[in-house]
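Data first, discussion second: the structure below is written as structure tokens.
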Amino acid sequence: METRVRKVNQHVLRDWLMSYLFLLPAFGFFLIFVAYPMLKGIYISFFNYSLRKFEFTGLDNYISLFHNETFLKSLWNTSLLVIITVPVVIVFSIFVAMNIYKKKEFARSFFRGVFYLPAVSSVVSITVVWGWIYHPNYGILNYITGLFGADPISWLGNTKTALLSIIAVLITTSVGQPIILYVASLGNIPTSYIEAAQIDRASSWQIFRKIIWPMLMPTNLYIIVITTINTFQCFALIQLLTSGGPFYSTTTVMYGVYEQAFKLGNFGMASAMGIVLAVVIGIISTIQFKYLGSDVEY
Amino acid sequence: MRTFKKGIMSLLGITLISTQLAACGSTAETPKSSEAGKETTPSNTAKPVEITWWNFPSFQALDGEVGKYEKQVIAAFNQKNPDIKVNLEMLTFEAGPEKLNVAIASNTAPDVIYDAPGRILDWGKKDLLAPLNDMITDEVKNDVSPALMKQSMVGDQVYMYPINTAPFMLGVNKTVFEKIGALNLLPLDRPDRTWSFDEYKKALQAVKEKAPDVIPSGFFAKSQAGDQGTRAYISNLGNASFFTDDYSKVAINTDKAGAALDWIVQGVKDKLVVGGSESLTGGDVNDLFLQGKLAISLNYSPVLRAQNVTLKKAEFEDILLPFPTIDGAKPRLEPYLGGMAVFNNGDDAKIAASKKLIDFIANDPEWGKKNLIQTGGLSARNSITGLYNDPEYTYAEKAREFYTNPPTVADGYAEIRTYWFPELQRALIGKATGKEALDSFAEKANEAITKAKAEAKK
């Protein structure tokens, strides 16, 4: 009896050890390329770290950040970007997915391809094209609005339109993955549920609200969290289209991190900005998990 | 068999853990960049030395291949210095500055670089470079204009070996003026080509009226790239220096300079200046010029003119003119200066080898002149003239007499630049008058100067 228990324990131990050994490579990469830079970033944020100096300054970087008008403006712009982009991406993606998931295979693939194309294309190439579209003198957008008698607008040079123009581009590059996931998710909802509701004379809205939406909750949670995080980290579009202008109206926290670190060489300040952004993203993601995750059943 | 397998797995596990720990460990022990300059290892210069040369596209690409010319230079250098191996890495103007910042902060800076004073002097002030005083003989010093020498030094230390130069000026599409019969409105009959603000306005008005498809003049404020153009433009149109002579504070915020900026803002509305300039870069405006859609570009130089020959999308003759001033007084032209600097990476042998490379590039009897011509610039030395058989170069050589104190040497210059274009944008979008925008810029820039001076004293 004793021998059998010992044999079982050895077996369990070996399986346990093997499992962790298989995890080790991925865990090692995680430690080196994610955990270590993160911890180092927190550490650096307490230092005046420039090209020449590395002096401990405590919370000075954080204090000066919250007295810095440009940083506060960038926090506001980033929040605005998230508040507008995330709901639009969700609504638009569900709308497209609802309209294409029942279509024939070819049509479904075609639309999935069309909407996913910006997600797999180079952000730089897309942004360059959008830069031409928005060009104040020779852009196609001004040409089209001109056909209706409108005066040319400096889309990226006007404080009222610059952020909205960026949001429009951001939406086109963000809807690809949600549409694919929603189409897959919708395909997994048993048709018997919907048919039963139709027999009971439920309206389309009732079917969506009471059956489809709850069944989409796991996908919703993932898409909302990921889109929120990606939008918070929006950088390339800003850098290439507006460089944060005009007069800081499109500057975001990530652009500020880039400017402080790579243009001015203030790595401590840049790290502090990154940590503030990470904390904000962490808080919002936790809230999202708390309120949206409670309905999720896997 | 089971024991053997267990042994293999354990060994594999231990190896993985140890390699990862070793990777972390070696990073942690890397000396801080601040200490790099203090430790030097004396070594025998006769030993083979390997140095790394990072280069922006300072030389025009040979046969359209970036870096091909530099490789030829290295091959020629190696014929005379076979013991020095030079590893070349080409940078782009867009990503290069960031790459350099990261390399310096992570203690992996190159040994030698060809760049401009804006960055080099900043590194010099941070003790990251090896002084080149031993290379600057009295003969060299007396042959380089004080404005250029000022751009090569921090205090009494020379950190950049000046090689090529050119004044930043206006680029003018002469063909447009010929076509509309308004060539007489350009100051080409004057040897120094100086002209007044009123004459300039008349020329722009003529383009607007007689060549409706061509935008009379350019302006841009999207980012800091090319800001020497907007700086010099407002400075000349407002007859004001950018900084005080001692660089202690900003001097551009005068009523006249404010009025010049107001004129630019109004010019956009009157279609004398390109529309949407707050969202255009210097590159965008130069592109319009190269496409023949813009009559006058404000960020031009003989170097850019030479580099643009293959980039023109329309056939026209481009000429150089100085910036106009209120009463046609002497303009203030910011000098472009290109030169080489050596990073102090703590190895005397590499520093010595880098200096040899600089000396070869700048002063070799055969390659020195060749290199200058390949940059498309003029020599930083006053005695070397007549490199090109082109009237525009002859004029550019004359225009060197208008060189002004270069803003690039100011303390905190890197930070100061970040406040310039947003204030121009503020004026362009009508949120402030020209004077208000310049005052706001001056306030922030003066703070940056004070901060940088205080940092330097620590």
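Backbone N, Cα and C define each Cβ position, glycine as well.
Please treat TrEMBL annotations as automatic predictions, because they have not gone through curation.
Annotated transmembrane segment per TrEMBL: A:20-39, A:80-101, A:113-133, A:162-184, A:261-284, in sequence order. Annotated domain 'ABC transmembrane type-1' per TrEMBL: A:75-288, in sequence order.
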May I ask for the residues of the chain that lie six or more residues beyond the transmembrane segment (A:162-184) and have a Cβ under 8 Å from a Cβ within it?
77, 80-81, 84-85, 88-90, 92-94, 96-98, 100-101, 108, 111-112, 115-120, 123, 126-127, 130, 134, 155-156, 216, 219, 222-223, 226-227, 230-231, 234, 237-238, 241-242, 245-246, 249-250
In terms of Cβ proximity under 8 Å, which residues at least six beyond the ends of the transmembrane segment (A:113-133) contact it?
96, 139-141, 156, 169, 172-177, 179-180, 236-237, 240-241
Six or more residues beyond either end and a Cβ under 8 Å away: which residues meet both conditions relative to the transmembrane segment (A:80-101)?
107-108, 111-112, 115, 163, 166-167, 170-171, 174-175, 178-179, 182-183, 185-187, 208, 212, 216, 220, 223-224, 227-228, 231-232, 234, 252, 284
Restricting to the same chain and to residues at least six past its boundaries, which positions have a Cβ under 8 Å from a Cβ of the transmembrane segment (A:20-39)?
278
